[in-house]
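Taken from TrEMBL, the feature domain 'Major facilitator superfamily (MFS) profile' applies to 40-462. As annotated by TrEMBL, region 'Disordered' applies to 1-27. According to TrEMBL, the transmembrane segment annotation covers 37-62, 82-102, 131-156, 251-270, 290-308, 315-337, 371-395, 407-428, 440-458.
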Amino acid sequence: MQEPLLGSEGLDYDTFPEAPASPRERTRAGVLQNRRVFLATFAAVLGNFSFGYALVYTSPVIPALKLSSDPELHLDKKQASWFGSVFTLGAAAGGLSAMVLNDLLGRKLSIMFSAVPSVIGYALMAGARGLWMLLLGRTLTGFAGGLTAACIPVYVSEIAPPGVRGALGATPQLMSVFGSLSLYALGNFMPNSPRFLLSKGRDEEALQALIWLRADSEVHWEFEQIQDNVRRQSSRVSWSEAWDPRVYRPILIAVLMRFLQQLTGITPILVYLQTIFDSTSVVLPSQQDAAIVGAVRLVSVLIAAVTMDLAGRKVLLYVSASIMLVANLTLGLYIHFGPRPLTPNSTLGLEIMTLGGTEQPPATSFSYLTLIPLLATMLFIMGYAMGWGPITWLLMSEVLPLRARGVASGLCVLVSWLTAFVLTKYFLLAVSAFGLQVPFFFFSAICALSLLFTGCCVPETRGRSLEQIEAFFQTRRMSFRP
């Protein structure tokens, strides 16, 4: 039997008792009971198709444009860094707009609205006749990605019951791995979030949405709990209230998790993946290596989706950060001491001829050592996709207080993609100045810091309702245990 989330001694918040399970509920438990939630979630996370595709779009395109004979599309090193990084500026702007649209239009309409800049952005890049069209198109797809990144996790967490919220919370990351332009075809299957409807005074519509999602008319107990929580927080957080630890603690945890997630190096590694492989003596062509890494990323997210509600969020965060630490450290050491390619890099000038004063022996024939960059990158992607990839988005939507959820989720995305912009913009410059190994050593240190942050600051939310999680922060405790 799961221990109570809160003791009865909490301030003005009662422990939320578990609803009694009727025979009918037990027989309808499992996947079939949640089929409508799954359908609505699937419709929502289709928006991440385009986001995932757009994020890694530059990995094969930058090397091709570097070699392009068309002077209007030929990229030099500086232009390539802008093309790789401007997506994150657009994503930051999308997160900023989500601070308003999340509550103004609602989660559903905000997600669907993101299709507009996405389609325009792809059209500009497809018909590009100059650098400005490439940059504008990349910025618009980034804006759409940032908007969906803030809205989709919030929507999914608000419609999902606690028992499957972990698995469903991984689906935005899963869909971003697929990458596609197929958006919102199933938009009619997406009801508005019951919590959002209640916050707008549309109680009957909220009840009907909850009944539809649960495929059961006996949802009044859950509806009353949500209604009670929404009524207690009927107004937005004021600036004075924002300094209350009960408000800023969960927001700070969510923001710092997004900040640390980017500092592990995921975005520059994905954006410049093929370029990184071109700069190391990998055993396979860099294009094939990048495709293999993409497949590993997909499988790893599937593993995370299955295990998130079984193992818990914190366990996966520990495992994820540990794997990324080992992978980044291995890459850094290999680049510093390992063999170098026979020819200079043919894409962006990531020459690894002399690094840190250490002459590297040239790679003259096949050696098992040349598998290290591929295996280490696969290990890093696997570690990220199993924990710090999907779980940071899930925890963001779980821990943020309802009154500030729309604004705070946008703030998280803004911080995340501004950080990603700085990393991707200056990654190539740092490589030129200090060597390719230095960024990976930095990423390793961040992974170690992430382990400490998880242990000290991140609560375990598995199996808790959003109302229980919010009530927990009202007690100012450091963990869920009494």
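Glycine residues also receive a Cβ, built from the backbone N, Cα and C atoms like all the rest.
Automatic prediction, not curation, is the source of TrEMBL annotations.
Among the stretches 82-102, 251-270, 407-428, 440-458, the one making the largest number of Cβ pairs under 8 Å with the transmembrane segment (131-156) is 82-102. By number of Cβ pairs under 8 Å, the transmembrane segment (407-428) is matched best by 82-102 from the list 37-62, 82-102, 290-308, 315-337, 371-395. Per-stretch counts of Cβ pairs under 8 Å to the transmembrane segment (290-308) identify 371-395 as the leading one among 37-62, 82-102, 315-337, 371-395.
In this chain, the transmembrane segment (82-102) lies out of contact with the transmembrane segment (315-337); the count of Cβ pairs under 8 Å, excluding pairs fewer than 6 apart in sequence, is fewer than 3.
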